[in-house]
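*Asks:* Can you keep this structure in mind? I'll have questions shortly.
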Amino acid sequence: MAKPSQPTRDSHVAVLVFPFGTHAAPLLAVTCRLATAAPSTVFSFFSTARSNSSLLSSDIPTNIRVHNVDDGVPEGFVLTGNPQHAVELFLEAAPEIFRREIKAAETEVGRKFKCILTDAFLWLAAETAAAEMKASWVAYYGGGATSLTAHLYTDAIRENVGVKEVGERMEETIGFISGMEKIRVKDTQEGVVFGNLDSVFSKTLHQMGLALPRATAVFINSFEELDPTFTNDFRSEFKRYLNIGPLALLSSPSQTSTLVHDPHGCLAWIEKRSTASVAYIAFGRVATPPPVELVAIAQGLESSKVPFVWSLQEMKMTHLPEGFLDRTREQGMVVPWAPQVELLNHEAMGVFVSHGGWNSVLESVSAGVPMICRPIFGDHAINARSVEAVWEIGVTISSGVFTKDGFEESLDRVLVQDDGKKMKVNAKKLEELAQEAVSTKGSSFENFGGLLDEVVNFG
């Protein structure tokens, strides 16, 4: 790591969290690592009570002060049930919410904030706070470089594709942007060039792409060698651009418990399976396919005879075919939670079946495991396209939805056929590059030192 200068005694960093989906956990991981490296700096971590309670444990560094903030939902207001409604209410209220809480935290700690570290989605709150406090703004983008490119060049994409003509051009590639030659229009996130471009969320992400070049630094959970074209471009677009991942590999041994939480015995089960034979299926709690597709997954697994571990919420298990669990008891296991990183890194793991969220993709890359992707929303489609067409380490499920036959064919292709073997080779090459990036003198290791300087010593 590039050795940072000695932190000043009055360093105080505000960490503003976007408390939805999987955004909060990586930013907490970065904050913990920064706090460990700079013990004299106070990090005030702002998120909603619900987000904080689901993430935080007693073993976070003592120089992290946790603050619960309002969720932006007016008192007595009844949400529609659409998750995006809660997101939009929070985004609209965020600047005032964080302004109020930041002032209170400064009084409590007795130190002025010198740096505002935020999720990039909170660009407006960040710029507002940074300007008022004359503090630096360091932004964390929670996706990959390809999806960030779509946001950074939204205006160029709209101009070249045409918002009104987009329906006829969905299959065309975005070759007019360097590095996007294999990305199709339909792979971009909703709100870039199709969908409701006037929604609060779409406007927020559009403006985020315009605001990020004004940040003191932008960092992502990735590594330079995965997307070298984008890395070079971002270095000219941003004041400072830092890849500091994969975060799962960057954790030091002292931060990682030797005791793995595995309440359902997944690791003992996988020990008995042959090399590269197991399918791991997991979609998390935010984006699970509909019941009819859960049935198709179950049918495909049972018919294929592929050994499997399926992490599925208990409430979703009621949708599985009658008798499925009994009939496949020797073939696999369905559990409400599984130690994902440890499973992916086991030599018996053959394929990761996921929605293609960035954290899942990077964990699969870090473990050298091919993927079967079923995009659901957000950046899933653009990540899945990168998996299939750019890095060639997996496939996207045919027709975009799970069917019994389609899933069985995908399993066979990845686990048995020759092109699946090539995917495995490509995935292992990326795993090696990821390991090199986080090693001493590796690009991500050095970049974390740069991030530490930006956050603690303000560049």
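Even glycines carry a Cβ here, placed using N, Cα and C.
According to Swiss-Prot, the record shows the following:
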type	residues	note
BINDING	338-340, 355-363, 377-380	UDP-alpha-D-glucose binding site
*Asks:* For Asp379 (UDP-alpha-D-glucose binding site), what is the tally of other C-beta atoms lying within 10 angstroms of its C-beta?
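*Replies:* Total other Cβ atoms inside 10 Å, all chains included: 25.
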*Asks:* Who sits close to Gln340 (UDP-alpha-D-glucose binding site): which same-chain residues at least 6 apart have their Cβ under 8 Å from its Cβ?
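*Replies:* Tyr280, Ala282, Ser311, Glu363 - these are the non-local Cβ neighbours of Gln340 (UDP-alpha-D-glucose binding site), listed in sequence order.
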*Asks:* Across all the protein chains here, work out how many other Cβ atoms are within 10 Å of the Cβ of Gly356 (UDP-alpha-D-glucose binding site).
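*Replies:* So the number of other Cβ atoms within 10 Å of Gly356 (UDP-alpha-D-glucose binding site) is 29.
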*Asks:* Within 10 Å of the Cβ of Ala338 (UDP-alpha-D-glucose binding site), how many other Cβ atoms can you find? Include all protein chains, please.
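*Replies:* Excluding its own Cβ, the number within 10 Å is 25.
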*Asks:* Which one is it: of the binding-site residues Trp358, Leu362, Phe377, which Cβ has the fewest other Cβ atoms within 10 Å in this structure?
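*Replies:* Minimum Cβ neighbour count within 10 Å, taken over the binding-site residues Trp358, Leu362, Phe377, occurs at Phe377.
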